[in-house]
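Asks: Quick one: structure below, then a few questions.
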Amino acid sequence: MAFRVLLLFSLTALLIFSAVSPSFAASSSDDVDDEDLSFLEDLKEDDVPGADSLSSSTGFDEFEGGEEEDPDMYNDDDDEEGDFSDLGNPDSDPLPTPEIDEKDVVVIKERNFTDVIENNQYVLVEFYAPWCGHCQSLAPEYAAAATELKEDGVVLAKIDATEENELAQEYRVQGFPTLLFFVDGEHKPYTGGRTKETIVTWVKKKIGPGVYNLTTLDDAEKVLTSGNKVVLGYLNSLVGVEHDQLNAASKAEDDVNFYQTVNPDVAKMFHLDPESKRPALVLVKKEEEKISHFDGEFVKSALVSFVSANKLALVSVFTRETAPEIFESAIKKQLLLFVTKNESEKVLTEFQEAAKSFKGKLIFVSVDLDNEDYGKPVAEYFGVSGNGPKLIGYTGNEDPKKYFFDGEIQSDKIKIFGEDFLNDKLKPFYKSDPIPEKNDEDVKIVVGDNFDEIVLDDSKDVLLEVYAPWCGHCQALEPMYNKLAKHLRSIDSLVITKMDGTTNEHPKAKAEGFPTILFFPAGNKTSEPITVDTDRTVVAFYKFLRKHATIPFKLEKPASTESPKTAESTPKVETTETKESPDSTTKSSQSDSKDEL
């Protein structure tokens, strides 16, 4: 304890001295720049522990492309909604491609891009990659939507972004698939679902009226048998205040079709009492709870709240098609039940009963653990293992968190868990590999359960690489990173570490891609870490650490620049008298690429 107090006192005095002595700090910076650092690159790779043991894994087979596996794994755009893409791992095995009739999907190349966009008022464009699993899953739905929307004068097109790089860069494609909707040459992001029905509904809302009139029984029958989610307003008049409120509400829901009628017989087909007081409204969907009646004030805000709360099934079954609907919903908290088919009957009944109390507040999701394509990979992502049903709460916002339920799957206990989840009374869960029994290599292994002990040790400056075993950029970085650690291993105040970001989590180690390299200065572990953005060389990293380390250090050039073979020949440490201000840091002009999550 006394040592920590003395250390913090010394660091405080040192920082104050540096702050009031800019010229002195500048001279220290010049000293770094003037150092002969060529010896740092002299260490041969053969002398670096682990240089010949790069991960043999070159693909993320459980999750095509690895992108699903960031905390926002079900979204599309890295800058807007996370990343529901396959960007970053083209080496993974592509899914088998079924026979798809794409006769109505226009193939766009750079040479015909302008013609397609300028000669058609409405164009939906998909940027894809041949190896992208999500693109392959989308293809049949996209093709079917193209055929249906052709009658409305809408063109659906696709662009192979791996061949048309300039187009992909021009439209800032950061993940696959990326869909853009062009109207008279102007584009905006597509934010709809991944099924034919949701694509068609989204596009029709953008090109037509928000509310359609239903005047005949034949038209009503077609709507009811379409399989789409439908809202029907039973109004006093097809124009006026009631219509205006319904139309305004329709603009807020891209995946629900809105209709209106004044015909009592049509209303009856939609399970509305023809003699009921107007305006009345009903939502019809194909799930188990098919009919939901509105009983509030007929104004936009109340209508939107009602539709948002009732359009999903009581319990949504997780599939690739339903993932966007679940995780891109305005409701950002979900309860996920992981269960096998043998366990599902009784458990799902309890789960559904609890769901009735949380409409519009929580989304209830069941995940089939027997499903090899998505059930088991999703369970692995969430850290679900072992036998028996598992229930977790998931907050799918910019700071995703997971909460594990510990108890018997009964509706009353699920309700208590759900209320505590809504009121932020639960402790989040973070994944962790087992703490290694031995951890004496130059690069220390960090896992979720020893993160605080190693990385958040206030007496140490700590460099952390968050990597993925399948990440090619991480594999390329490893020899240099090991070399850096070997050079710096005699500096007691500095720790070089790495953590597998696919199997370990910590709120202080948020990675938007792999590798992510973070620096945690001594004496300042409560602040956010510094993201290392510099050249991927030993010299560049050494300079970065010299500039940012709270506890100053300096390596002396060895008497001989031959590759050190023993611990005795490791460069000596020379402690300097001052530390440079972090404000003097300048970023390298060249940033290394990283594998997107």
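If you go along the chain as it appears here, the first residue is 1 and each next one adds 1.
Using the three backbone atoms N, Cα and C, a Cβ is placed for every residue, glycine included.
Note that the structure is predicted; figures quoted are calculated from it, not measured.
Pasting the feature list from Swiss-Prot:
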- 37-101: region 'Disordered' (REGION)
- Asn112: N-linked glycosylation site (CARBOHYD)
- Cys132: active site, nucleophile (ACT_SITE)
- Cys132-Cys135: disulfide bond (DISULFID)
- Gly133: site 'Contributes to redox potential value' (SITE)
- His134: site 'Contributes to redox potential value' (SITE)
- Cys135: active site, nucleophile (ACT_SITE)
- Asn213: N-linked glycosylation site (CARBOHYD)
- Asn342: N-linked glycosylation site (CARBOHYD)
- 429-550: domain 'Thioredoxin 2' (DOMAIN)
- Cys471: active site, nucleophile (ACT_SITE)
- Cys471-Cys474: disulfide bond (DISULFID)
- Gly472: site 'Contributes to redox potential value' (SITE)
- His473: site 'Contributes to redox potential value' (SITE)
- Cys474: active site, nucleophile (ACT_SITE)
- Asn524: N-linked glycosylation site (CARBOHYD)
- Arg536: site 'Lowers pKa of C-terminal Cys of second active site' (SITE)
- 555-597: region 'Disordered' (REGION)
- 560-573: compositional bias 'Polar residues' (COMPBIAS)
- 594-597: motif 'Prevents secretion from ER' (MOTIF)
Asks: Grab the pLDDT values for the motif 'Prevents secretion from ER' (594-597) and give me their mean, rounded.
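Replies: The average pLDDT of the model in the motif 'Prevents secretion from ER' (594-597) works out to 46.
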Asks: Cα of Cys471 (active site, nucleophile) to Cα of Asn524 (N-linked glycosylation site): how many Å, rounded?
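Replies: Just about 30 Å between their Cα atoms.
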Asks: Which of these glycosylation sites has the least crowded Cβ, counting other Cβ atoms within 10 Å: Asn112, Asn213, Asn342, Asn524?
Replies: Asn342
Asks: Let me know the DSSP-derived helix, strand or coil state of Asn213 (N-linked glycosylation site), please.
Replies: strand
Asks: Starting from the Cβ of Cys471 (active site, nucleophile), draw a 10 Å sphere and report how many other Cβ atoms land inside it.
Replies: 26
Asks: Counting all other Cβ atoms within 10 Å across every protein chain shown, which of the recorded sites His134, His473, Arg536 scores highest?
Replies: His134
Asks: Mind checking how the domain 'Thioredoxin 2' (429-550) divides into helix, strand and coil residues in DSSP?
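Replies: Helix, strand, coil within the domain 'Thioredoxin 2' (429-550): 35 helix, 27 strand, 60 coil.
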